[in-house]
Amino acid sequence: MAAVAVSSETEKLSKLRSAVASLNQISESEKSGFISLISRYLSGEAEQIEWSKIKTPTDEVVVPYNTLAPPSEDLAETKKLLDKLAVLKLNGGLGTTMGCTGPKSVIEVRNGLTFLDLIVIQIESLNKKYGCNVPLLLMNSFNTHDDTLKIVEKYANSNIEIHTFNQSQYPRLVVEDFLPLPSKGHTGKDGWYPPGHGDVFPALLNSGKLDALLSQGKEYIFVANSDNLGAIVDLKILNHLICNQNEYCMEVTPKTLADVKGGTLISYEGRVQLLEIAQVPDAHVNEFKSIEKFKIFNTNNLWVNLKAIKRLVTANALKMEIIPNPKEVDGIKVLQLETAAGAAIRFFDNAIGINVPRSRFLPVKASSDLLLVQSDLYTLSDGFVTRNKARTNPENPSIELGPEFKKVADFLRRFKSIPSIIELDALKVTGDVWFGAGVTLKGKLTITAKPGEKLEIPDKAVLKDKVRYLFNVPISTGYVYPLKP
């Protein structure tokens, strides 16, 4: 039986190889990368985690941020440090889930500035302050490439070098016969997919960007999602990595109940490793979600040594766990195989995690996150979004907005101005709700408009208290509403 299975897989791979060879939309390196990924998948080489071997990492492996030595205050020393750094933002995602067209990084976040504007301002202010040259690289997908090239033209006069490159483009696989979808006439964008951010390492090398950075004397690259407003250059982290010759560093942060599905770092057979929920045996899923045993999760802020990337990619040694992602295109069941950059940690020497403050993880994935970052809970200065010290609770409020707020345009229409939420603990909004200007929200609130009814909260209203609001009557401006049972 085993011999028959191997023969069948070999035949599948042989047919696939022939079909891929005739796809002229992608490069030879993309073709070989794709075939390599598929052959790993077919061989079933996925390593099973033995639960009993999992150990909690020590403080040497996951270093507490507050133990990092402060960097030198000498400007010349800081310049020397920063001249070894490049910043890379993962820019392959579209804003479609938030009702926007084009790259997600061009959604306006605050004061009319987009994610990309803020990133450019941050790095520009570093370069200006220290007289250094920290370049910005944007890894696009074929979905975002053309739009991004047009967008970056506006930064032509900025004090920052911006480089763009594309991650790989792989064909989706038809589940029925294991052949590429583009070879069956689906030659448009829906026939292809970007294979996850684990592709950042080969894409850096194949694009020529890695060698260009090394020739400029760069040693480390700071990789982060373009929608994480907390992912800013940190001198303490960079200094620690250079002093200790760590080839790879993953920023982790304490887990809350909202993060229970996030990947965590473990010590496993003498190496630090990322453990994702998909790798966890069913019997241990609840244990994995516990914030008692697994207390940290991956922010996807990564610091990686450039020479180490070149060594490992050249040796084809980065064999990260494969994530199968089934999809459907025009009624055809397809499969796309992806990898994650965080899973590469176990292949690098002297790799560590750093347990950073939660402020370094401020992603904007939905309109509820936009409400947080556009509110008085944060201030904006030199491109940096900083939490308001007037907020005494260390945790951000939990916010759940109904589907009426999902698209950014709808979200903006429903608020005359963003409410004050300094004293808000939790907010749930359901139904056709509209907010006036200067509204203040406090405590735990549930605001519900009955089906078919429009609820308008007037200007300067102050809503506070514990559990639930169900408005059936007009509301007076400036009134502090008590709890409705």
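Glycine residues also receive a Cβ, built from the backbone N, Cα and C atoms like all the rest.
Predicted automatically and left uncurated, TrEMBL annotations should be read as such.
Sequence annotations record features per position, and here TrEMBL assigns UTP binding site to Lys104, Gln167, Gly196, Asp227, Lys365. Taken from TrEMBL, the feature substrate binding site covers His197.
This view paints the features noted in TrEMBL onto the structure.
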| residue | record | Cβ neighbours (10 Å) |
| --- | --- | --- |
| Lys104 | UTP binding site | 23 |
| Gln167 | UTP binding site | 27 |
| Gly196 | UTP binding site | 23 |
| His197 | substrate binding site | 23 |
| Asp227 | UTP binding site | 22 |
| Lys365 | UTP binding site | 14 |
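Residues Lys104, Gln167, Gly196, Asp227, Lys365, recorded as contacting UTP, have a largest CA-CA distance of 21 Å. Reported as a whole number, the C-alpha separation between Lys365 (UTP binding site) and His197 (substrate binding site) equals 17 Å. For Gln167 (UTP binding site) paired with His197 (substrate binding site), the C-alpha to C-alpha distance reads 8 Å.
Straight-line distance linking the Cα atoms of His197 (substrate binding site) and Asp227 (UTP binding site), rounded to a whole number, equals 14 Å.
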